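Taken verbatim from TrEMBL:
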- Lys180: ATP binding site (BINDING)
- 1-29: compositional bias 'Basic and acidic residues' (COMPBIAS)
- 47-62: compositional bias 'Low complexity' (COMPBIAS)
- 151-426: domain 'Protein kinase' (DOMAIN)
- 1-68: region 'Disordered' (REGION)
Amino acid sequence: MAMEETGRETVEEKTPEKESKSKEMRSESVNEQPSPRCVLEIPVLGSDSDTSSCSSNSSSYSPRKPVFQKGNKDSYGLQWKNLIGNVKKKYVRSFSFIPLLTSNDKNLRRTKLAKLHASEEEHVDINSMPVPKPSWKNFTYSELAAATDNFSPENLIGKGGHAEVYKGHLSDGQIVAVKKLMKNEKQEEDRASDFLSELGIIAHINHPNAACLIGFSVDGGLHLVLQFSPHGSLSSVLFGSPERLDWKTRFKVAIGIADGLKYLHYDCQRRIIHRDIKASNILLTEDYEAQISDFGLAKWLPENWPHHVVHPIEGTFGYLAPEYFMHGIVDEKIDVFAFGVLLLEIITGRRAVDSARQSLVIWAKPLLQQNEVKELVDPGLGDNYDPSEMKRSMITASMCINHSASQRPTMIRVVELLKNKESPVEGELKYCGERGIIADSLDLQDYSRTSYLNDLNRHKQLVLE
Ligand SMILES: Nc1ncnc2c1ncn2[C@@H]1O[C@H](COP(=O)(O)OP(=O)(O)OP(=O)(O)O)[C@@H](O)[C@H]1O
């Protein structure tokens, strides 16, 4: 498998115009609460046998509610406590924690969390917290070095902006991917808090279409040990392989990603926004089941927050929703927009941004409007696709890339549309047929193509500056 490089950008600058718009948006936000950036409590599954397995089969999947355990005697609890203590000691001078809660009542937990303020978060004594039992192994550096042949270049399978990923063989024969967080421009403190945030988020996830964590290590650096995906990422298969991915598999992957996002937004313990949905963050299992990975930018939002405003804006150029890159607004709809771009990549075989840094969204919109199916579909597919699946994919993509977040469908609706459980209704689709697939989403009432282009160019400048 070829080594893959991926990258995301951070935009630091804010113009006075953006700042004031952003403030306006912020004041609309509930309670003006601080960012929920913190370590979440670690959910624990009922029994040891439960905890050891990752969901890998969507047909046998049923959502499981994590169970929280009180008391600090068991070794797993100690292990987690030690981990936080260790990371804190080694890397973090000050860090905020959300207390671990014992109640299984989701609403109660969410209400409590929403009421927390930064000052309260900072003074939580971790010794008095109920201790959870994580299911992961805490690896030593020598175990990981042995598994990856001392992190040899031959085992390097991927490289992102923040990490190198190595293929490894554990002593029990299991093949894993070891994600080694790199020392980059970020402060050690920030990297450690990113690591704990990612760990805390992954802990809440248990779905066949989301990456599965096997363990971690804070020995000799920060490492995540993940289930190995033999086909690598969707990006490498879609763009880096001479063999064309057939439509059946592409459509299966699209549905898998949609199911995974629906789970993160609505069915998971927390309301999780991924913030970096892109082809290189979709891994493929042996049987081409899509798994959403890389929760390094993910954020959880309390139930009663309509959205959240972040700064700096981090993500990957080409997948960013306008309201996010212009105003830093984060909610489920930014993942929906990115999913629409990903769907366009699956349909067209073109990258979100090509080598000339041209946007796929801008290229595809007029073709979607004129229903130019032949122009849009990846030429490598020829006529080898199911026309009904293709049409549903195009309609869904047009709806997802709507400039207006409120006009974009939820991931629940996206899954229904893709799986043909319900057809688009009047209002979602304005025209279909003669004039082609023209969804409401393509009526750029409050956000014209020109203003999108201007915003996009402005964003591009910031990224390139
Ligand atoms: N479990 C895995 N199995 C196989 N390959 C993997 C696995 N995890 C990651 N990779 C490969 O490594 C690449 C980089 O991984 P990842 O996206 O997690 O790094 P990152 O530094 O967080 O990236 P980004 O630049 O998006 O921040 C992926 O695109 C994929 O090709």
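Heads up, the Cβ atoms here are built off N, Cα and C, so glycines get one too.
Whatever TrEMBL says is automated annotation, not expert-curated.
These figures come from a predicted structure and were not determined experimentally.
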Number of other Cβ atoms within 10 Å of the Cβ of Lys180 (ATP binding site) across all protein chains:
20
Summarise the model's confidence over the domain 'Protein kinase' (151-426) as a mean pLDDT value.
91
Reading the DSSP string in three states, the entry for the residue listed as 'ATP binding site' is strand
